[in-house]
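Asks: Please read through the structure below; I'll follow up with questions.
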Amino acid sequence: MNGKEEKGETVGFSPSGTSSVAESTGIQLEAGSVDVERVGLFRVGRGRGTMSETTRTRAPKERESGGCILWQAEQKEVEKGEEEEEEEKEEEEKKKMKKKKKKKKKRKRKKEKKEKKKEKKKEEEEEEEESGTLRVIVDDVDEPTLDSR
């Protein structure tokens, strides 16, 4: 911060808008002015700074108001992202549970259908036995066999 900053060197920035340090060093930054407290980081290049990253340290004024504006925004984005992830997981779990229930229902219906079919077949066989009719089972066309069920 002594006016001998090299291209690519990192210098601090304050959103408060003070430009005393910037004027003394001769460096102009578009997003804010150079300050001793490192609220955000900028790289110096061709007399102008480009924002590279933000730090979580706070200047005294920002400490009172709850932190650097950039840091607060970053925190909100992180929290928002976490909430979205949780919601997505919950939705996926609901979908899985719905699928499981659907499969279970389908299996139950299939099982009931099989049981009904077996009962119907049994009833038909019992009716045939009661009536005393003979059922002919044809294995080969040449040799019919008699079944006395």
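A Cβ is built for glycine as well, from the same backbone N, Cα and C atoms used for every other residue.
Copying in the features that TrEMBL gives for the protein in this structure:
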- 13-27: compositional bias 'Polar residues' (COMPBIAS)
- 55-65: compositional bias 'Basic and acidic residues' (COMPBIAS)
- 80-91: compositional bias 'Acidic residues' (COMPBIAS)
- 96-120: compositional bias 'Basic residues' (COMPBIAS)
- 139-149: compositional bias 'Acidic residues' (COMPBIAS)
- 1-30: region 'Disordered' (REGION)
- 45-149: region 'Disordered' (REGION)
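Describe the structural surroundings of these features, if you would.
Replies: Sorting each residue of the compositional bias 'Basic residues' (96-120) by its DSSP state yields 25 helix, 0 strand, 0 coil.
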Asks: What are the DSSP helix, strand and coil residue counts for the compositional bias 'Acidic residues' (80-91)?
Replies: 12 helix, 0 strand, 0 coil
